[in-house]
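Asks: Quick paste of what TrEMBL says about this protein:
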ACT_SITE  His207  active site, proton donor
BINDING   His207, Asn208, Phe209, Arg210, His211, Asp248, Asp357, Gln408  AMP binding site
BINDING   His211, His247, Asp248, Asp357  Zn(2+) 1 binding site
BINDING   Asp248  Zn(2+) 2 binding site
DOMAIN    131-452  domain 'PDEase'
Amino acid sequence: CILADLLNTNLSLLDSSGAMVSIDPTMPHNTERYKKPCIPLISTLALSSDKEELFQNVLTQVAEQFSRAFKINELKTEVTNRLAMLEKRVELEGMKVVEIEKCRNDIKKLRQEMASRNNSNFLEDNKKLTPRRDVPSYPKYHLSKETVEALRLPTFDAWQWEPNEMLSCLEHMYHDLGLVKDFSINPITLKRWLLCIHDNYKNNPFHNFRHCFCVTQMMYSMICLCNLQEKFTQVDVLILMTAAVCHDLDHPGFNNTYQINARTELSVRYNDISPLENHHCAVAFQILSQPDCNIFSNFDPEAFKQIRQGTITLILATDMARHGEILDSFKQKVDSFDYADEEHATCLKMVLIKCCDISNEVRPMEVAEPWVDCLLEEYFMQSDREKAEGLPVAPFMDREKVTKPTAQIGFIKFVLIPMFETVMKLFPQIEEAMVQPLRESRDRYEELKQIDDAMNEVGGFLEVCGCIDFVLGADCDQ
């Protein structure tokens, strides 16, 4: 170290007078006094340039070795730290993989459950709320005089009409009743609203847009037949028509009993209280909340509140679980009915929409019977699912127990005829047009049931004969 310091230091040799003395190999020796201490120093300082360079190289290599050793230690520390970090990351990533796999399994299970219950009411179908077509997007059909007259009758055959034609018929009803003019409804808004209504009915066997049209057309025919515009305000008529149009919006094809037993999202959301009807109302006012589809946009807030409440009341009344309650209430009022009494008027409107909702058997047999097939198909779809999911099955929905006559006889005798006969007390004119067709339908299905029973007896007899023939090994005639 001393040599290194000396080699890096400038040295000067001075004489006794202070003058600088040149140091080189040819200079004379020191005096005896200074000879011993100075010779090693002078000899060291006088090393040849080759030896000095060699020595410098050795020192440089030593320094590099020391530096490399220190760097290796630093590198080891860094590698150790990085390894620790990587191990921690591997551990964390491993935990994430486990969680991700668990989430995937949960999502898969949820998707399977949703698929099995066909309960895609909100997430997927909310996309439908806006009409998917530009307006005008269905042609304005020129309805013939015969069609206009037929629309006013309960015998109207909806099976002959395509969706766009039914939309034009609905549009005509709103114009014909004076609702568009009296409430300044924008005709283009009416078109958009009807399109949006159409797009938010599912393609179920029974609860579909054609059913919506039939119920609304029956309401229109009752308004005309019973002269309801003379009894009710135009706001009441608007509520009756609009509730009929919206009464089954986004129906999933499985009734309230299934919703409650299967604990679907709808039943949980509405606490098992008329879950479907509440959903129909919600979808209806989601559509009306869009400015382009709001046929009530010209109403002030108080008037809109009245229409909204009236529409909700009527749609909720279509829950058949409330049938006895609503009909009993109407029976108590009908003998002393007062149109000026708001409670009386509301009760009548509830019964009217109930009549229209289940009025298919009022129509001619060739129009009504296909609806029975559609309803049974939807019932069988539900009962099959209920069996698969271990849920209770109603006998009238079980394909192994119900027939067309058994499905209709009790419904006509104990639900339809009593309700329409009660309404007939206020409107005698419906007896010929509505009540008498119901009685004829009841009689026809009772005859069909007798034929079925006779055929079953014959089948049972032949089956018994077959058993006897098998046991005795002889013909039945013997």
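The backbone N, Cα and C atoms fix where each Cβ goes, and this holds for glycine too.
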Asks: Rounded to a whole number, how many Å is the Cα of Asp248 (AMP binding site) away from the Cα of His207 (active site, proton donor)?
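Replies: Here the two Cα atoms lie 7 Å apart.
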Asks: Non-local Cβ contacts of His207 (active site, proton donor) (under 8 Å, 6 or more apart, same chain)?
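Replies: Same-chain residues close to His207 (active site, proton donor) (Cβ under 8 Å, separated by 6 or more) are Tyr201, Asp248, His251, Gly253, Glu378.
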Asks: Please identify, from the binding-site residues Asp248, Asp357, the residue with the sparsest Cβ neighbourhood, meaning fewest other Cβ atoms within 10 angstroms.
Replies: Asp357
Asks: So which one is it: of the binding-site residues Arg210, His211, His247, which has the fewest other Cβ atoms within 10 Å?
Replies: Arg210
Asks: Whole-number Å only: compute the distance from the Cα of Phe209 (AMP binding site) to the Cα of His247 (Zn(2+) 1 binding site).
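Replies: Approximately 11 Å lies between the Cα of Phe209 (AMP binding site) and that of His247 (Zn(2+) 1 binding site).
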Asks: Any same-chain residues 6+ apart from Asn208 (AMP binding site) with CB under 8 Å of its CB? Would you list them in sequence order, or say none?
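Replies: Counting only residues 6 or more apart in sequence, the Cβ neighbours of Asn208 (AMP binding site) under 8 Å are Tyr201, Lys202, His251.
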Asks: Do any residues at least six apart in sequence from Gln408 (AMP binding site), in the same chain, have a Cβ closer than 8 Å to its Cβ, and if so which, in order?
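Replies: Those within reach of Gln408 (AMP binding site), by Cβ under 8 Å and sequence separation of 6 or more, are Glu361, Val372, Ser441, Tyr445.
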Asks: Specify the count of other C-beta atoms within 10 Å of the C-beta of Phe209 (AMP binding site).
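Replies: Phe209 (AMP binding site) is surrounded by 20 other Cβ atoms within 10 Å.
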Asks: Return only the integer: C-alpha distance in Å from His247 (Zn(2+) 1 binding site) to Asp357 (AMP binding site).
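Replies: The separation of the Cα atoms works out to 9 Å.
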Asks: If the AMP binders are His207, Asn208, Phe209, Arg210, His211, Asp248, Asp357, Gln408 per the record, what's the largest distance between their Cα atoms, in Å?
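Replies: Looking at His207, Asn208, Phe209, Arg210, His211, Asp248, Asp357, Gln408 as a set, their Cα atoms extend up to 23 Å apart.
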Asks: What other residues of this chain sit with their CB within 8 A of the center of the CB atoms of His211, His247, Asp248, Asp357, the recorded Zn(2+) 1 site?
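Replies: These residues sit around the Zn(2+) 1 site: His207, Cys212, Val215, Ala244, His251, Thr318.
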